[in-house]
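Below are the features listed in Swiss-Prot for this protein:
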ACT_SITE  Tyr95  active site, charge relay system
ACT_SITE  Glu138  active site, charge relay system
BINDING   His85  heme b binding site
BINDING   Tyr191, Arg205, Asn206, Tyr207, Ser208, Phe384, Phe385, Gly386, Pro387  FAD binding site
BINDING   Gly268, Val269, Gly270, Ile271, Thr272, Pro273  NADP(+) binding site
DOMAIN    1-139  domain 'Globin'
DOMAIN    153-256  domain 'FAD-binding FR-type'
REGION    150-393  region 'Reductase'
SITE      Tyr29  site 'Involved in heme-bound ligand stabilization and O-O bond activation'
SITE      Lys84  site 'Influences the redox potential of the prosthetic heme and FAD groups'
SITE      Glu383  site 'Influences the redox potential of the prosthetic heme and FAD groups'
Amino acid sequence: MLSNAQRALIKATVPLLETGGEALITHFYRTMLGEYPEVRPLFNQAHQASGDQPRALANGVLMYARHIDQLQELGPLVAKVVNKHVSLQVLPEHYPIVGTCLLRAIREVLGEQIATDEVLEAWGAAYQQLADLLIEAEESVYAASAQADGGWRGVRRFRVARKQAESEEITSFYLEPVDGQPLLAFQPGQYIGLRLDIDGEEVRRNYSLSAASNGREYRISVKREAGGRVSNYLHDRVAEGDELDLFPPAGDFVLRDSDKPLVLITAGVGITPALAMLQEALPQARPIRFIHCARHGGVHAFRDWIEDVSAQHEQVEHFFCYSEPRAGDSADAEGLLSREKLADWLPQERDLDAYFLGPRPFMAQVKRHLADLGVPSQQCHYEFFGPAAALDA
């Protein structure tokens, strides 16, 4: 347990983290990924190169230091970290590596005059406190997944039963367990962890489950990203009949029980978890609005399916917006999703539940629009594909 003196030292470093936290964490990652190859599969190198991952962790460390006396306020952040760790199979033996590299980075970046032995001892104790909390929470999730019907721990082998192009950029993979045993149920909005060997190097990635749980198979729908190592591998080199290693479903961005109108607002590949949410919500009586934005019809995945669902369920309405329509495209609006368009498409009653996913600028825009249109902030839910970040309201 941290002493009062150690808490005071942690809080005293907050101004340094506010101005130099990102540089410190960048140095931390450079050290850890360079010297400990066993943890490299846990990290997406594209997120390292873009700075998104160091930025996200720097913000997390800062939040931890600011709330060192009120850790209960970090509950939502801890839940996201736990789910992300579980999806990639972060294990107790990984934590000492992180702690060693973090303390080295603090000393090497801040210097010995600031990062004294007392400061390092305080941060060492603070890190161990956080590590113990995460290890315990993650173990409870691992155990629950293993004990549930159809559940498992670690990796499970799946076969690609079907591979289907959904648009010019997105392809779906239908995955069935090789052992033929029942399959763990998941909540709409969750994702699975995928472990691959690409040219002799292990990599791990998360992909949203794009169809509701059915006990037989999982479906992921993957966008081919320019320069994306894993997405291009899946598109080009994984075929029907191939086998893949999966970790159990995880994630805290899930459809919540409610009888309020449901609004799903997506852009691009952000549509994938919303598809599972839509399927799950269909038996309910509440009105559903499905709003999807794409550049044009060629990259608009699942359009036919959405239209069929709307035709068969009177409580469902859909609206499509194309920012760069091609000749012959048909959409309800063109250009970016404006506040005026969104106002027309939302239910008149603003006491609704909104879930939105897509590129970060899109989500920031949607969040502002929903606030301007009177949708309560606590009823607006969103998720990042990749490291979490703040959305300016």
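In case you wondered, yes, glycine gets a Cβ from its N, Cα and C as well.
How buried are these features, and what lies next to them?
Note on Tyr95 (active site, charge relay system): other Cβ atoms within 10 Å of its Cβ, all shown chains, come to 18.
Listed in sequence order, Val82, His85, Val86, Val90 are the same-chain residues at least 6 apart in sequence whose CB falls under 8 Å from the CB of Glu138 (active site, charge relay system).
In the three-state DSSP classification, His85 (heme b binding site) falls within a helix. The 10 Å shell around the Cβ of His85 (heme b binding site) contains 21 further Cβ atoms across the protein chains shown.
Annotation for Tyr191 (FAD binding site): spatial neighbours Ser87, Asn206, Tyr207, Ser208, Leu209, Pro249, Ala250, Gly251, Pro273, criterion Cβ-Cβ under 8 Å with sequence separation of six or more. For the recorded site, Tyr191 (FAD binding site), the DSSP three-state label reads strand.
Mapped onto three states, the DSSP output places Gly270 (NADP(+) binding site) in helix.
Across the domain 'Globin' (1-139), DSSP assigns 118 helix, 0 strand, 21 coil.
Secondary structure by DSSP for the domain 'FAD-binding FR-type' (153-256): 9 helix, 49 strand, 46 coil.
All protein chains included, Lys84 (site 'Influences the redox potential of the prosthetic heme and FAD groups') registers 19 other Cβ atoms within 10 Å of its own Cβ.
Taken residue by residue with DSSP, Glu383 (site 'Influences the redox potential of the prosthetic heme and FAD groups') is part of neither helix nor strand, so it is coil.
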Calculate the distance in Å between the alpha carbons (Cα) of Glu383 (site 'Influences the redox potential of the prosthetic heme and FAD groups') and Gly270 (NADP(+) binding site), and round it to a whole number.
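Here the two Cα atoms are 9 Å apart.
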Work through the recorded positions one by one (Lys84, Tyr95, Ile271, Thr272) and name whichever has its CA nearest to the CA of Tyr29 (site 'Involved in heme-bound ligand stabilization and O-O bond activation').
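Minimum Cα distance from Tyr29 (site 'Involved in heme-bound ligand stabilization and O-O bond activation') across Lys84, Tyr95, Ile271, Thr272 lands on Tyr95.
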Ranked by the number of other Cβ atoms within 10 Å of their own Cβ, which of the binding-site residues Gly268, Gly270, Pro273 ranks first?
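Answer by Cβ density within 10 Å: Pro273.
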